[in-house]
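Noted in Swiss-Prot for the protein shown:
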BINDING   16-21, 32-38, G63, 119-122, 149-150  GTP binding site
BINDING   T38  Mg(2+) binding site
LIPID     C180  S-farnesyl cysteine
MOD_RES   C180  cysteine methyl ester
MOTIF     35-43  motif 'Effector region'
Amino acid sequence: MPLVRYRKVVILGYRCVGKTSLAHQFVEGEFSEGYDPTVENTYSKIVTLGKDEFHLHLVDTAGQDEYSILPYSFIIGVHGYVLVYSVTSLHSFQVIESLYQKLHEGHGKTRVPVVLVGNKADLSPEREVQAVEGKKLAESWGATFMESSARENQLTQGIFTKVIQEIARVENSYGQERRCHLM
């Protein structure tokens with residue numbers, strides 16, 4: 001029986017970008033058309049990747065804006081982040097840049113495990129942010145970029161699988177930097 005590894009992931013983004021819908025679709029396998037603003041919810045799910053099992057603890061946050069102060073609970077003990085914007089809102093994309101900077105400053109690390117998600121891809125006729133813009137931003141951070149649709153269950157599983165992989169990648173890269181070589 002494989003060892004179950006605990007991973008805490010915080011989902012951040014501007015309001016009404018679909019953070020709750022992504023988490024709910026991933027954990028419950030369903031999409032809710034109704035919208036109640038989130039204060040803060042948590043979800044848990046066991047995810048198997050290869051031979052490894054992960055207890056994924058998701059923190060679904062209330063919408064942030066560029067002036068939001070991120071509480072320490074969004075930084076301390078957190079392994080990775082899913083930063084979500086809506087492809088139908090340029091403002092939500094701009095807020096994501098500010099949130100990433102706050103995370104980066106809060107962690108004091110050069111690398112923070114992040115998956116950048118352009119959600120609501122099913123609403124392409126209303127698109128304000130092109131996929132190439134999201135990809136370029138993610139590349140500048142050294143992060144992964146994905147577009148999704150919580151409504152159509154497009155890549156919801158892949159987002160959270162990818163954040164687990166990003167956490168491992170960043171943890172392994174720090175481990176390599178700290179190795180001592182005796183000669």
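A Cβ is built for glycine as well, from the same backbone N, Cα and C atoms used for every other residue.
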Those residues of the chain, 6+ apart, with a Cβ under 8 Å from that of S32 (GTP binding site): S21, H24
Where S149 (GTP binding site) falls in three-state DSSP terms: strand
